[in-house]
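A.B. asks: Dumping the structure here so I can ask a few things about it.
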């Protein structure tokens, strides 16, 4: 028994995050038995990447931040005030937390027409394709599972998310949810192909699907300048994929009342509502790695190994914060208009991006 | 048949418009031009002519009943103690403020209070004593906010100050009145008005009444010297034929 614990402790100990800022505290805690194994687990690089940063803990923080930030920014642009009554001194910054707590204690109604088992379990199942890509997203030296095909894997998991949303709409068995599901399926075909082609063009350019190689190749020039067409296609695909406003077709509030999620209430609604935000987070992480130089940034010696995850997170948050402004600028496209954009201009642009990628490899 | 064709747009103009929209959004995000007033904590600054809670001043009231008569919602009921004083039923009041405008002595006045709460319908019938001052209110707001456009620099400006909810009474414009005769031919010639007039402003003279240049009989003609008349109205009360009245003259 003791040997097993010691063996596990040895594994954790061999691959720990080295952060000089909290080194004295860590050293002190490592002397205490049983607590040291916990500290070693938290600072174990794969665990740290998946659970702490840029994984679950930071994802939760991001969700609390982005819901408030988006509402607040839209309100400012539209001359409103936005959420303010929850914690007035900080301008309602914990509104999302308050909503989350309310969802927890609210009754989750399962209506009679719903396909009960799927209806209840699909919101939870939908998290599998959302959270799995985090395993393969490296942040500096911290990485869950290292693989030379990480970018392809992330794209593959992102492509799985709409399937669960369509299934949610089907299990809800209501007319709005049905329309929402069909729209989601249409949009899925509209954005997925240009999106994948844009990513393939970047993989061509970097010569590998390895995120480390991609970041290393961008040390001189970021990917934005290497392939600006792929950049544009990726941004539009990101807006389409996460149903941001110009393409908020599957969840159109005013038409079909949140589309596939119309029947959900309570904590189940809380789970499905953040699905698009989580997808946005994953796609923005991939975006940062592909186009903005990933975790490379000004190295602060005090943070040590934390530099990589922190820079990746900061860049992602900036990208998302800039992206949410489109919500207050553009009106919603019709489904046919969005499909036309997806199948004509975006497809053409993505193929042009692919050509640029191939030419770039040939020239470099 | 009207054929619809796709609107042709210039891509450069289109791009410029997109850039303008994004620029405007960024501008508003940094410094919004919003004109929100967070009501319980701030209060809008209302103008002096705001039609709010009606305040009654007992000493000025002359019990003329004009407010009760003009009220289109029939919300004012006169009640008697000493004299007849108006009481307002706020369940009926439509805040047209005809009563305030019609009051000849300015006994009724407006205020800037617009958020009075009543517990029941019966409480909404306020007697004259209850409306002599503005109701007790807890003022949560720390400032009164007013937005206005500065025409010098063309910018929206937010002005803050704490405003008083009571409105100073406006000076009442009472028009000068003078006695006038409505139907001079109906005068009996009783000379009651002449006797009662303290200024000796009325003269009654005999005259001949002629029809088609043929004298039919004698009558009286009533002459009011307007420069002497003070508009006291004594002659109006005395006249048995009710042909005298007070007419508004001047401004």
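Placed from the backbone N, Cα and C atoms, the Cβ positions cover glycine too.
According to TrEMBL:
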{"type": "TRANSMEM", "residues": "A:21-42", "note": "transmembrane segment"}
{"type": "TRANSMEM", "residues": "A:48-68", "note": "transmembrane segment"}
{"type": "TRANSMEM", "residues": "A:118-137", "note": "transmembrane segment"}
{"type": "TRANSMEM", "residues": "A:149-173", "note": "transmembrane segment"}
{"type": "TRANSMEM", "residues": "A:185-207", "note": "transmembrane segment"}
{"type": "TRANSMEM", "residues": "A:219-241", "note": "transmembrane segment"}
{"type": "TRANSMEM", "residues": "A:280-298", "note": "transmembrane segment"}
{"type": "TRANSMEM", "residues": "A:310-330", "note": "transmembrane segment"}
{"type": "TRANSMEM", "residues": "A:342-363", "note": "transmembrane segment"}
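A description of the local structural setting of each listed feature is requested, covering burial, neighbours and distances.
C.D. replies: Below 8 angstroms of C-beta separation, residues 5, 8-9, 12-13, 48, 51-52, 302-304, 306 of the same chain, each at least six residues beyond the ends of the transmembrane segment (A:21-42), sit close to that stretch.
Tertiary proximity for the transmembrane segment (A:48-68) is limited to same-chain residues at least six positions away from its ends with a CB under 8 Å from its CB atoms, namely 17, 42, 83, 92-97, 99-100, 131, 134-135, 137-139, 142-144, 274, 277-278, 280-281, 285, 306, 309-310, 312-313, 316-317, 320-321, 324.
For the transmembrane segment (A:118-137), same-chain residues at least 6 beyond its ends with a Cβ under 8 Å from one of its own Cβ atoms are 49-50, 54-56, 59, 110, 143-145, 147, 150, 153-154, 157-158, 160-161, 163-165, 167-168, 170-172, 211, 263-264, 268, 271-272, 275, 278-279, 282, 285-286, 289.
Here the transmembrane segment (A:149-173) has Cβ contacts under 8 Å with residues 113-115, 118-119, 122-123, 125-126, 129-130, 132-133, 136-138, 180-182, 184-185, 187-188, 192, 195-196, 199, 202-203, 209-211, 214, 241, 250, 259-264, 272, 275, 279, 282-283, 286, 289-290 of the same chain, all six or more residues outside its ends.
Cβ atoms under 8 Å from those of the transmembrane segment (A:185-207) belong to residues 151-152, 155, 159, 162, 166, 213-214, 217, 223, 226-227, 230, 233-234, 236-238, 240-241, 243, 247, 249-250, 286, 290-291, 335, 338-339, 341-343, 346-347, 349-351, 353-354, 356-358, 360-361 of the same chain, restricted to positions at least 6 beyond its ends.
Within its own chain, the transmembrane segment (A:342-363) has Cβ neighbours under 8 Å at 187, 189-191, 193-195, 197-198, 200-205, 207, 226-227, 229-230, 232-233, 236-237, 240, counting only residues six or more beyond its boundaries.
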A.B. asks: With a Cβ cut-off under 8 Å, give me the same-chain residues at least six positions beyond the ends of the transmembrane segment (A:219-241) that come close to it.
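C.D. replies: Residues packing against the transmembrane segment (A:219-241) from afar: 158, 162, 187, 190-192, 194-195, 197-199, 201-202, 205, 247, 279-280, 283-284, 287, 290-293, 296, 323, 326, 338, 341-342, 346, 349-350, 352-353, 356-357, 360.
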